[in-house]
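Structure first, then comments.
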Amino acid sequence: LTGFQCLVSTLLSIWALSNAQSDSNAPVIQLRLAGEKRKHYEGRVEVFYNGEWGTVCDDDFSIYAAQVVCRELGFMDAESWSPSAKYGKGEGRIWLDNLHCTGGEKSLAQCESNGFGVSDCKHSEDVGVACTQKRIPGFQFIRNQANNDESLTVQVEDVRIRATYSHRRRIPITDGFLEVKDGGKWRQICNEDWTEKNSRVICGMYGFPGEKRVNMRPYKLLAKRRKKNYWGFSVNCTGNEADLSDCKLGREIELKGNHTCEKGMPVVVSCVPGRAFAPSVSAGFSKAYRVEQPLVRLRGGAMIGEGRVEVLKNGEWGTVCDDNWDIRAATVVCRELGFGSAKEALTGARLGQGIGPVHMNEVQCSGFEKSLTECYFNREALGCSHEEDAAVRCHVPAMGFNKRVRLSGGRNPYEGRVEVLGERNGSLVWGTVCSDSWGTMEAMVVCRQLGLGFASHAFQETYYWQGDASADAIVMSGVRCSGTELTLDQCLHHGRHVDCPKGGGRFAAGVSSAPDLVLDAQVVEQTTYLEDRPMYILKCAQEEHCLSSSADNADPSSYRRLLRFSSQIHNNGQTDFRPRAAHHSWIWHECHRHYHSMEVFTHYDLLSLNGTKVAEGHKASFCLEDTHCNEGIQKKYECANFGAQGISVGCSDTYRHDIDCQWIDITDLKPGDYLFQVVINPNFEVAESDYTNNIMKCRSRYDGHRMWTYNCRIGETITLLGS
C-alpha cells in the first residue's frame, strides 16, 4: 500500500509539474476591445497573436470566458457577453474557437480551445464582451507584444486631473497636472508629444465641452519642486474619443529618472466648463442652467446630461432616428449642451419615445461640429418610428452634489427622509427639510442630485422612517423648485432663517424614486387581427366585463367579433413598478383562476376621428411579471403560486394576443376610419416618472370584414391623415 501511495504521489507531482508548465508555456497574447463600441469597457474581443490581430468565435463561449477576457484587460469582472458580431464583424484570422474556460485562468490562452487559428467560424460569429467599469487596483498591463502596432490603445487603471493647492477648493476642478494610475502608482505624462486634441479628450471625460490654453509659468515652478514619476508612453488621440482608453498608445519613452522629459515637463490640462458648472469657491449656485434659444435639447432623462435627443425645426420639436447613431454624434450633442463627451449613444428609444415628427435620420458627424444641426443627415430617408428615437448619456463634471443630501430610514436606497447639509452656528451639520410646500418638483430635484433618477412620491410626513436621530433638527424650509435645478440649494428657500410652523419630526420631507412604463407600439401594430369567437366560450370573459354591454342579451350560439393584439410593456424607469395594493388585498377571480393586483391596468378603446368612444375593452392586471428582461438583468417577478407581482427596471411584461380579455369587442362597430387607443396605468394608481409615454394611438380602418392598423405612435398626438 505504501508503494502504491508513493506511485500515486509521483504521478500527481508529474501531473502538477506538467500542468504548471502548460500554464507557463501558454502563448503570451494581447487583448483589446474593438468594433462598434457604445462604452470603452465593451466591444468585440480581439487577440494579438503571432504578429497579427484576430477575433474569437462565439461557439461554446461563456460568461466564464468573458470574465477571463475582462480581467486580462484589467477590469474587475464581466457583466455579459454577446454572440453573432454584436459589435460588428472583425477582420483577419479567427484565432480562437470552442473556448472552454473555468473563469480562473490568468489568460485566454490558458483556456481549452481547438488551438490557435483552428476554426470553422465566420466573422459573423465574432464574440463581444461587456466588462464592469471598475479597474483592478495595481494591475500590470502587458504592452510588449504589440508595441509597434498602431492600433494598440491606452490601458491604465485610472486618470485624474490633480489640481494645485490653490485650485483644490474650486468646484469643479478644471485645471491641473494630468496623472494616470498604472501598476498601482500615479504617474505624470511627459508633454513633449502632447496635443490639444489629447486635452480635448481628457476634458470631455471629465464633463467639460472644451479645453483652453493655460498659463504654464506657475506650473513650471511647481514641477521643478515636485518629485516626478513619469509614465513610459506618449498618447495619440484624434480628439473624438469618448475616453482616454480609446486613444492610441504613442511611442515608448525611455525612463531615466527625472530626466525622462528633458525637453518638457508634466502635462497640464485646462478645461472650459459648461455654463451650468462654472467654478465657484462656495458650494451654492445662483440659478439653474438654461440654454439660450436652443436648437437641440434632451428630454426624458432622469439625470443631468442624459435624455432623448430632440431638434427644433420650423418651430416644431422632433426626434432623431437611431440609424447610424454613434458615439461621435452623441458627443456633438453633449458638448453643444455644455457637457463633456458622450458616455453612451443610446438607440431603440431607451430613454422613452418622443412625439411629433422625426426630423433627422442617418446622422453622420465628424465629431468637431458645434451643433448636431451642422452634421450630415439623409433628408430622403423616411419611415423611422419613435421606437427608434436616439438618446445620449453625457459625461458631467464631478460637482459633489450627492454628498450634500442623503435619504435616511427608507426600506431601500431609493426612498427615505431627506437630510441635507446645512449651516448651524457657523458649522455644517446634517438636518431635515420642512415639508411645508414640499411636492413632486422638490422631490425630483433631490432624486436628480442623488443620481437616483425620477421621483415617485413626495412625502410630507415621514414618521414611519427612522432617520438619523442626530439630524432631526430642521435646517431648510420654504423650499420651492421649478424642477430644472441641479441641487436643492439652487431652489428658492428661506436661507439661514428657518421658518417651519409644524416643526420637524414626523413632518420632515421625504421622497421615493419612480418607475416608467412604455408600451411597444410596434408590437401592437404587428400583432393586430380580427377573430369571431362563439359566445358560449366567452362566459368567463363576460363575467369579468371584457365584452361590450350588448353581449349581456346575446344569444349563446352567436359570435362576438374581437380586435385582438399583443402588448409589451417595458419599465424604463429607475425603480420597479409594483401594484399599489398589498398582497392581502388582491382579489381572487375564480373564473380565470388568478389574482388581480390592480383592477384596471390598461384601457383599450376605439374612438371616432372626432374623439368619441365607439368600442372599449379593459385589462385587469391579472398578472404583472417579468416576461422578458434586457441583457444582464435577472427576472424578479413571477405570478405562479401567488408570487410577487411587478415589472423590474429593464424588463417587459408581455400580454399575448391569445389571452382572455386581450381585445376590444367590435361586434357592433360600423365600417369606417377610427383611432385605436391604449392607455397604461390609466387611473394613475402607481406613480411614474413620465405619464406622457403611457398612451398609444394608431389609425384603424374597418371595412366590415377586415381591420387595418397603422401609424401607431406613443404620446398625446397623432396625425389624422389618409382618411
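Every residue, even glycine, has its Cβ placed from backbone N, Cα and C.
Within the same chain, residues at least 6 positions away in sequence whose Cβ sits under 8 Å from that of Cys121 (disulfide bond) are Cys57, Asp58, Asp59, Ile94, Asp97. Positions annotated as disulfide bond by TrEMBL: Cys57-Cys121 (among others).
Its own atom aside, the Cβ of Cys131 (disulfide bond) has 26 Cβ atoms within 10 angstroms in the protein chains shown. Residues annotated as disulfide bond in TrEMBL: Cys70-Cys131 (among others).
Positions annotated as disulfide bond by TrEMBL: Cys101-Cys111 (among others). For Cys101 (disulfide bond), the number of other Cβ atoms no farther than 10 Å from its own Cβ, over all displayed protein chains, is 21.
Taken from TrEMBL, the feature disulfide bond covers Cys237-Cys247 (among others).
Cβ neighbour count for Cys375 (disulfide bond) (all protein chains, 10 Å cutoff from its Cβ): 18. Annotation source TrEMBL lists disulfide bond at Cys365-Cys375 (among others).
The disulfide bond annotation in TrEMBL covers Cys481-Cys491 (among others). The Cβ neighbour count for Cys481 (disulfide bond), using a 10 Å radius and every protein chain shown, is 23.
Annotation source TrEMBL lists domain 'SRCR' at 31-132 (among others).
Under the heading domain 'SRCR', TrEMBL lists 161-272 (among others).
The domain 'SRCR' feature in TrEMBL is assigned to 296-395 (among others).
For the domain 'SRCR' (405-514), the model's average pLDDT works out to 83. Here TrEMBL flags 405-514 (among others) as domain 'SRCR'.
Residues or ranges marked as signal peptide by TrEMBL: 1-20.
Recorded residues Cys131 (disulfide bond) and Cys375 (disulfide bond) have their alpha carbons 31 Å apart, per Cα-Cα distance. Shown in sequence order, Met76, Asp77, Ala78, Val129, Cys131, Thr132 are the residues of the chain, 6+ apart in sequence, with a C-beta less than 8 angstroms from the C-beta of Cys70 (disulfide bond). The CA atom of Cys365 (disulfide bond) is located 17 Å away from the CA atom of Cys237 (disulfide bond). In the structure as shown, the Cβ atom of Cys237 (disulfide bond) sits within 10 Å of 23 other Cβ atoms.
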